[in-house]
Structures are given as structure tokens and as C-alpha cells.
Ligand code: GLN
Ligand code: ZN
């Protein structure tokens, strides 16, 4: 029996991670690929940086005591795109580019016209489950002919072996790959091609065995969702097939981001050797129930996607609860550490106390090893690590910044009156009288171009080349320019342009107590782009107004209304690392109170319209349908709490973008904003039909043109968009605005596009 032979030859392991970051502790890969794209450096330079990063990553894991090292977790751009390459599934439009790497980058980012060939449109990008990482969405058309191309994984395996490491190749599994792909050109759902693709994975297993791989990790995070029919059934079939391959490495099927439940039982019934589970998101109960008594269970007890130090005693107790129910056990992080910063080393600016509460990737790798040793030999041998962890935990639990009476009392007194405004028709009447706006009122979403001058000013403030006063002077000059531009174009409701905000969540986090920023806590968001999420560690207090001066200044320059511009509680949570010691709903309400206080101050300073953006409303939506209602309930409450403190005459706007809204459409209505601006240009106003379908009666501004492209829409195009919108929504409820903020565009593009938008609005009026 080949299966038994494989099991015997596959060496056991005790400590691992499902994957690691690849961008480099100092974002070396970002610089290298961007240099390559810009033509500043050559291929060899890029490949050298990449090889160095892979080597460092392997060595760091080995040095930490990780005894099964994942490989093929490197990526020049994205692991789903790498999988598309491995399966021969790049879109045909990239085929004319003969160079492998350039073809790959063209699929990711688009490519210019060259050698008489057309320019190449990039693949779409979307969020990786409920994380802030974005993957490239493969396109599967009727003509996609899958073919195995194992070049990358074999090269990384050989490279590791040459370095003395028998790596465990990691690939995304067939079910997850197809479930995350998109059918194009009338093709059937990609999952209908599962058998074909599984045959390639069977070939891959043979190739890997031949090349000396003892283990392979196949990632199937889709199994923690209910994104497709009968995932457990499919998992059972696919892994029965793959585990029946005669010559192959031992197989670890890895799940993460949730509880795979029935799929675990389905995998238990196959001959795969190991199953990886996320025991931070899910409990050990499913593992026990699944009957994994003859499998290796890779137990993800260290949180791979948040920054807190692990309660090692609690994690060890979880591991102990599995003893006897599993064949053997290896300790791991709950998911790849690509979702957290590299290391605390170098975070010298952090408050020492706070620093002690944290574990970034390299510290998490140490925690995994301490737990593996504790599980094998008892806590005593590891008491130093365990004691330090409990001391850190006690320090965190006892810190006064986590329990501020004024915040707690306010939360305790919360009642529905705090998040309920009088009915929207009543509000509408007083707002119309106060604002006196035309039908089809024109406005923008908030940001205007982040010009070189703005960036230079920010840089100069950071280095101390200019002081606060000079910085404020320069930002005011930008605001004055943006107000003048809007007046010239003839918009009805103006904004200040957000020049002072580089990243909006960071901007508010910097001004609120309860958050802190890292010096180097970068996390890959997509491709070469990284973000540095703030860490929300304590009770949230707004000690002073955050935006009032900027808005009031803009208002002083014009007779038209200027919208106050704030970010909503759900979005602030979604783009931060959040505390894990209380329900997210409570944290959201604390942030909501801070935003509410700001709306009240804005109103007092004369703002008649205030926008509270919630672009990330859809992002935190739970992966299992059954959990969604509860999430949406607290998300809606937090938003309403943040906006219900103003008078009826003050008009509340919100803005939503970046997503398919189908699943949250009811929640959008429940937000009860007076005006909702929403991305729609690319989805052709479908969202309006959906809103009508649930009887939404407030005002709405579907984006009439796409701001993601530098292309300036002609007035006629905007007119067509508007007429399309008018077919769904009457003029007295319809606003005219772009899809999203304008910060990524140039001033010239913006001036021209907005002029055309206003022309179209006037024509239709
Ligand atoms: N007001 C923000 C802006 O215009 C909204 C950002 C967003 O939707 N992501 O930039
Ligand atoms: Zn937006």
C-alpha cells in the first residue's frame, strides 16, 4: 500500500506555521519589484532580493525551532495568481507576452501595448476571506485549458534543499482555487472544472515526490465558509482521489480563518495524513467530533492574524484537550503570519508596557515552538516562556487604559434612544428647508488629489524641516485651492479635500486615546502595497476635536455648504488590529461615541452636512451565513450611534464602496443615513434596483463615473449614467457624485471629470 509507505517515510513534525510574510522585514521586496517595474533595476537584482528573502525566512524558522518549514509561500505578487500560473490558467490576453515574469506582472497590474500587441487589462483583485489582504481573481473562460506548470514550486523546493532544508511545499488547493475564481465569457462556474484540476494536482504530487518532498501542504480555507454547495462532499471526494495517488508526499490539508466543521469529518474519512485547523477562530470540539484519531492534526492555537501575545497556558490546555482524539499533534499559528508585521525588534518607540503585550510574526514563531515543547515535555521545561506570557497577560488585564470609567459608564447607559433619529421624512423636511439644494445635487466623496506638495509637506513635518504652524499653513492653502476648484466647477455641496489625511483610519487613530501606531509594523495589502494598521489596545477616548478646524476653515471660504468628513466605527475597526479581550461590538460602540462627539462639535461649528464613511461595512461580514445577522446588527448600531447625536436639520451622509453590496443591502438601509453615496459605475446601477427591492426611501448618490481609472468620462457618458439611475430613483432622491474619493487622481483629471459631471447634472435637470 503506497499510502502506508508514504506515511512511514514522512517524518513527523511538532511545530510549524502555514506560511509566512514575503515582503521583507524592511519591505525589501516592495522596493525591488517597484524598481523593476519602473525600469530602475534589472531582473537579476530582483531575483537576488527574492532569493535572499526566501533564505532569510527559512533560516529564521529553523533558528526558532520550527521543524517543518513551509516553502513556496514566497510570491512576487500574490499566491492565488501563482496558483493560476501553476495550473496554466492565466487569461489568454496575456499570452502574447513571452517573458514569464512580465506576463505574470501584466496579469496582476495590466501591461502596456507593445510589439504591435494591445495593452493588457489586469485581472480583478478582491479581499482574501475576511482579512485585509487582497488576491488576484483568476478568470476561467470556456477556452481555459488547464495544464500543470510546476516550475515555481519545484525551484523553491530545490533551492531550500540546496540550503539544507527539506521544505514543505505549500499550494492553494483545487477547491479553494476554483471557488475563488471567476467565470468569464459565458463559462460555467469554475467549480464545474474540479475533476480536471484535481488531475493536475495528482500529477503535481508525483512531481513533488520525485523531487524529494516528504510533505505537501494544500490550503483549503474555502472549507470554513459556505461559499459553494456541498463543500464537505467535495472535500471528501477530492482528497480521497489525491490521497490515492501511488507515489506522493504525505498530505496536509490546511484550513484557516474559521471552523471547517463537517469538512473535517469528510477529510478524516480520506487517506490524507494531516489536517490543519484554526483553533483561534474555531473550537476544538469540531476536531474531536471529526474522528481524526489516525491523522496528524496541525493545531493553530497561536493567532496568526492579530498582534497579541498568546496566553500560552490557555493554548496548552486547548492542545491537551485534543490528546487522545488525534493521531498526533503539531503546533502552529492559526493561519499564515503574512497578516501580521514581521517583528517587534526595532519597535523601540513603543511604550515598554504595550510592547510586552505584543507578538508579531517572529515572536509568534517562538510561541509555537514553546507550546510544542510544552505539549511534548510538560510546561515545566518551558516555564520561563509560559511565566513571561502570563505576566504579560496580567499586565494587560490590569492596565488602567483598558478600563476607563467615563467610557464604561457611557456604554453601560446606552439605550436605543442613543442610536435612533426621528423618521427620515421628518428630517428631510427640515433639512430641505435649511439647505435649499437643487434636485440632482452634485457633490464629491471627500478626498481630492494628494499632490506632491502635500506629500512634501507631510515629509517635512516628519523630519522636522517645518513646524506644525507651517504645516497647517500649507494644508490650508491646499484646502483653499480645492474649495476654489469646486466653486469654479459649480458643485452644490463642497468638501475640504482631506489633504491632512494620508490614511484616514491612521489619521483618526493618531488622535484617539486607546490606539497606538508602530514604527515598522507593515503588512502586505496587495502586490507591493503595504499598510501599517494602528493597534487598538484600550478604551477609546476623544480628548479634543479632530477635524473641526479644517472643516470650519473650508466653510469660511465659501457660501456653499461644506460637508464634514469622518470615518465610521466599523471601518476604523476593520483597518486596525483590535483588542481581543472584549466583544468587537463593544469596541465598535466606543469608537462610535468618539465619532458622535466629533459630529456634535462639527455641527456646533456650523457644519450642516456631515459624512461618516463606512467603506469597510462589507469587509467584516462573517464567512458563515449563520453569523451574519448578529454582525450586521452591531455594525448598524455602531454606525447609528455615531451619527444620531445631531439635530434633525443636520444631514448625515455615508459612503460605501469596494464591494458587492447584495448581502448587506438591508443593513445599508438600516444605517438610516439621510444620503448614501455608493459605488455603482462599474456595477451599472444594479445596487439601485437592490435598494428599491427592499423599499429604501432615503436619498442616494450612486457613483456616476469610475474614479479608479485616469480616463475622464465625457459629459454624455455621465448623462447616460444619470438617466440609468433616474430609471430607478426619482430626481428628488438622487444625488450626483463620483464613485469614490479622488485622492489617487491628478488635479487636471479631477477638474475635467467634475466639470463634465456638473454639465451632465444640469442637462438632466
Ligand atoms: N472620504 C474618503 C475619501 O474620499 C472615502 C474613502 C473611501 O471610500 N475609501 O477618500
Ligand atoms: Zn469609496
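Positions of Cβ are set from backbone N, Cα and C atoms, glycine also.
Caution: TrEMBL annotation is automatic and unverified by curators.
Residues or ranges marked as active site, proton donor in TrEMBL: 708. Look at TrEMBL and you will find 27, 28, 29, 30, 127, 132, 529, 530, 575, 619 tagged as 5-methyltetrahydropteroyltri-L-glutamate binding site. What TrEMBL records for 445, 446, 447, 498, 613 is L-homocysteine binding site. Sequence annotations record features per position, and here TrEMBL assigns L-methionine binding site to 445, 446, 447, 498, 613. For 655, 657, 679, 740, the entry in TrEMBL reads Zn(2+) binding site. The Zn(2+) 1 binding site annotation in TrEMBL covers 655, 657, 670, 679, 740. Positions annotated as domain 'Cobalamin-independent methionine synthase MetE N-terminal' by TrEMBL: 17-325. Marked as domain 'Cobalamin-independent methionine synthase MetE C-terminal/archaeal' by TrEMBL: 440-762.
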Ligand 1: which of the binding-site residues 127, 529, 740 have a Cβ closer than 6 angstroms to it? 740
Checking the binding-site residues 27, 575, 657 against ligand 2, those whose Cβ falls under 6 Å of one of its atoms come out as 657
What Cα-Cα separation, expressed in whole Å, is found between residue 655 (Zn(2+) binding site) and residue 575 (5-methyltetrahydropteroyltri-L-glutamate binding site)? 16
The domain 'Cobalamin-independent methionine synthase MetE N-terminal' (17-325) [mean pLDDT, rounded to integer]: 96
Annotated L-methionine contacts 445, 446, 447, 498, 613, maximal Cα-Cα distance (Å, integer): 13
Recorded positions near residue 740 (Zn(2+) binding site) (Cα-Cα within 10 Å), from 29, 445, 498, 708: 445, 708
Nearest to residue 27 (5-methyltetrahydropteroyltri-L-glutamate binding site) by Cα, among 445, 447, 670, 679 (binding-site residues)? 447
Cα-Cα distance linking residue 613 (L-homocysteine binding site) and residue 575 (5-methyltetrahydropteroyltri-L-glutamate binding site), given in Å to the nearest integer: 13
Using C-alpha atoms, which one of the binding-site residues 29, 657, 670 comes nearest to residue 445 (L-homocysteine binding site)? 657
For a quick check of packing: other C-beta atoms within 10 Å of the C-beta of residue 27 (5-methyltetrahydropteroyltri-L-glutamate binding site), how many? 16
Residue 29 (5-methyltetrahydropteroyltri-L-glutamate binding site) and residue 498 (L-homocysteine binding site), Cα-Cα, nearest whole angstrom: 30
DSSP-derived class (H/G/I helix, E/B strand, else coil) of the residue listed as 'active site, proton donor': coil
Between the Cα atoms of residue 613 (L-homocysteine binding site) and the residue listed as 'active site, proton donor', what distance do you get, rounded to the nearest Å? 18
Indicate the candidate from 613, 670, 679 with the smallest number of other Cβ atoms within 10 Å of its Cβ, considering only these binding-site residues. 670
Rank aside, I only need the closest one: which of the recorded positions 127, 446, 670, 708 has its C-alpha nearest to that of residue 679 (Zn(2+) binding site)? 708
Near the Cβ of residue 655 (Zn(2+) binding site), how many other Cβ atoms are there if near means within 10 Å? 27
